[in-house]
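According to Swiss-Prot, the feature active site, 4-aspartylphosphate intermediate maps to ASP495, an assignment based on similarity to another entry. Per Swiss-Prot, the feature domain 'HMA 1' maps to 5-70; the stated evidence is sequence analysis. Marked as domain 'HMA 2' by Swiss-Prot: 72-138. Sequence annotations record features per position, and here Swiss-Prot assigns transmembrane segment to 161-181, 192-212, 224-244, 256-276, 411-431, 438-458, 748-767, 771-790.
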Amino acid sequence: MANTKKTTLDITGMTCAACSNRIEKKLNKLDDVNAQVNLTTEKATVEYNPDQHDVQEFINTIQHLGYGVAVETVELDITGMTCAACSSRIEKVLNKMDGVQNATVNLTTEQAKVDYYPEETDADKLVTRIQKLGYDASIKDNNKDQTSRKAEALQHKLIKLIISAVLSLPLLMLMFVHLFNMHIPALFTNPWFQFILATPVQFIIGWQFYVGAYKNLRNGGANMDVLVAVGTSAAYFYSIYEMVRWLNGSTTQPHLYFETSAVLITLILFGKYLEARAKSQTTNALGELLSLQAKEARILKDGNEVMIPLNEVHVGDTLIVKPGEKIPVDGKIIKGMTAIDESMLTGESIPVEKNVDDTVIGSTMNKNGTITMTATKVGGDTALANIIKVVEEAQSSKAPIQRLADIISGYFVPIVVGIALLTFIVWITLVTPGTFEPALVASISVLVIACPCALGLATPTSIMVGTGRAAENGILFKGGEFVERTHQIDTIVLDKTGTITNGRPVVTDYHGDNQTLQLLATAEKDSEHPLAEAIVNYAKEKQLILTETTTFKAVPGHGIEATIDHHYILVGNRKLMADNDISLPKHISDDLTHYERDGKTAMLIAVNYSLTGIIAVADTVKDHAKDAIKQLHDMGIEVAMLTGDNKNTAQAIAKQVGIDTVIADILPEEKAAQIAKLQQQGKKVAMVGDGVNDAPALVKADIGIAIGTGTEVAIEAADITILGGDLMLIPKAIYASKATIRNIRQNLFWAFGYNIAGIPIAALGLLAPWVAGAAMALSSVSVVTNALRLKKMRLEPRRKDA
């Protein structure tokens, strides 16, 4: 191979020599490729002709065989971006780099997220490439105070704006002369006076536009800086030309446009300041989450209590938390009891009772008892840290609706420059032949009214504010695409156990005396069955003392037999009673039938062959489940229940909460197939679940929603996590999605509409340059301000017919 290139890839999933041989053989079948795969190092070294192949082709080949290629992710802070053309260009360049799998650049957060193959490239190369484009970039430091950095940058913008405004204000007086024929002192019309004020604005305050324009043009791109630099320079240097003519005596009344260039720069700086200030408010939700973290912890060392910084707490440390203090990290109580305010996590204002062996979550508030706990998760592994990570990823992700704006942003500035040149030519040749000034003014107006910034900000600002507001309410979207997909949902499928119900059986009905209950609970206390646990807890709530069982025997399919203090106990179904010649009074038989029809597990109790009681146990429906399902129905969404339970139990639960469609007797592995059936009917399906067996269905659904009290597997598989398990958050999540997408559409309509209408109006000469500049400055501000309305969004779903 004359022209060769070598690359190394880390391969995952190989288990034996057959795997490495298979990959090597497949790669070597490609033309002009020489590949060697090492099982020990788990690396593939590939020599190839870059004119025929690229690295992505090898990666696709390996992945098609069922193996993986190791990918690393880095987040970068980028400064110097002024509009969507900047972020679009950086993203395009990064995605063309060797070894980059995917890169997204967010103008609002001023960050890039890059997935790359570590054997092909590294974070330093990514940073260097961005810097070559003319922007400052660095690897994101999670320990760095981003808020203070942004505050300093905002303060710097304000200082520049004030200086620019002070210098431009006297020049602004000249506009009032043109508009209202006002009389002003002669000093203001003096060319030297105007030159002295306008020059520092143009070349000191406005130098950032020249630098940005130069860097972009040097790298074959164009952004807002190009438009501002060209537009203001045209006005400034034409004024210099007129001033030279005045000095030479060629004219006694030069037509100067110093005020146009200076006021334009001031207005644009004003718009950028307002935009930056508004953008800083979009990240408030993340700041509020970060502020919830405890700053220090009280650790028990050698019997002494010592206060240490939070980052010095390790897994296994013994911590003491007193009333009114925050739980420092995730852990388990080993001593004491208390009530914990978990509202920051679940939104539930009522404190939760906690005892020994109960789990506590970091950053929740200890209300009224001193507890000793063991740290189980610290640092980035805590529940709050994971929530913050999910919110950050969602806020920096892109929704599919943004693609059109990104495509247009890439071509926007060159097109606008072309329109401005065409405007100049048409004016000077056709509209006002031979007259330079009207052509110049119209073309400057075209340059400065065009605003790619509004296009670039339309989607990410709404996503940031919308996902932040949702997170404040306990709803975690894992990305912008899931925000967009959720608003299309027309069918929601709910798992029963742990989702609609609490997932733990409790005694719902008992008829009998305390002695019978005491004997029953004693008989059941050594059993690990959930129903037995419910009975024992019920007896303890009644403060009954449980004794010891003399004999115990399970009767498969029927119940149990036990001897306690010379009492012979039978607990079970009708068949067990019949086998022991115990007759059932009609009212007991009717009660039994009634409980079974309601989906409860009913048990008969006999002491010494005499029927003494009946008890019913059931997994109870969650608070607000019925209200949540009613809200979904009001929104025009079909609701179905999917469960492995028998049809009678499922129908009973469905009736309680108002669900019409019940899919029962389903094996765990069949759940995903049931979701697929609904999708084949053209439905957009969301699956809500909490267990390991729900994970395949969560992945198969258009949107997977995990209940936060569920397993990590379910949460990992889901697109949305509902913290705390309150079903009322499901309609709220859908409404948050609808409100966010509606806001994005409003922003895009304004951004496109503004440019579509503004550019022709400017080209027709109907706008003075300073008016065009003011409109451009305020267009992006209006987009961000509209997005900020989502901060006040009340997550109350609307009726479909409302």
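In case you wondered, yes, glycine gets a Cβ from its N, Cα and C as well.
Sequence-distant neighbours of the transmembrane segment (411-431) (same chain, 6+ residues past either end, Cβ-Cβ under 8 Å): 84-85, 222-224, 226-227, 230-231, 438-440, 442-444, 446-447, 450, 452, 455, 759, 762-763, 765. Through the fold, the transmembrane segment (256-276) approaches residues 82, 150, 153-154, 157-158, 160-161, 164-165, 167-168, 171-172, 174-175, 191, 194-195, 197-198, 201-202, 205-206, 209, 228, 231-233, 235-236, 238-239, 242-243, 440-441, 444, 448, 453, 457, 768-770, 773-774, 776-781, 784 of its own chain, all at least 6 residues removed from its boundaries and within a Cβ separation under 8 Å. Beyond its flanks by at least six residues, the transmembrane segment (748-767) meets 401, 404-405, 416, 419, 423, 427, 431, 438, 441-442, 445-446, 449-451, 454-455, 457-459, 775-776, 779, 782-783, 786 of its own chain at Cβ-Cβ distances under 8 Å.
The list of residues near the transmembrane segment (192-212) in space but at least 6 beyond its ends in sequence, with Cβ under 8 angstroms from a Cβ of it, reads 80, 82, 134, 160, 163-164, 167-168, 170-171, 174, 223-226, 228-229, 232-233, 236, 239-240, 243, 256, 258-259, 261-262, 265-266, 269.
Looking at the domain 'HMA 2' (72-138) alone, the prediction's average pLDDT is 87. When Cβ-Cβ distances below 8 Å are used as the criterion, the transmembrane segment (224-244) is approached by residues 82-83, 85-86, 191, 194-195, 198, 202, 206, 208-213, 216-217, 251, 254-258, 260-261, 264-265, 268, 413, 416-417, 420, 436, 440, 443-444, 447-448, 450-453, 769 of the same chain, each at least six residues removed from its ends. Counting every protein chain shown, the Cβ of the residue listed as 'active site, 4-aspartylphosphate intermediate' has 27 other Cβ atoms within 10 Å. Shown for the domain 'HMA 2' (72-138): DSSP residue counts in helix, strand and coil, namely 23 helix, 24 strand, 20 coil.
In this structure, the residue listed as 'active site, 4-aspartylphosphate intermediate' is part of a beta strand by DSSP.
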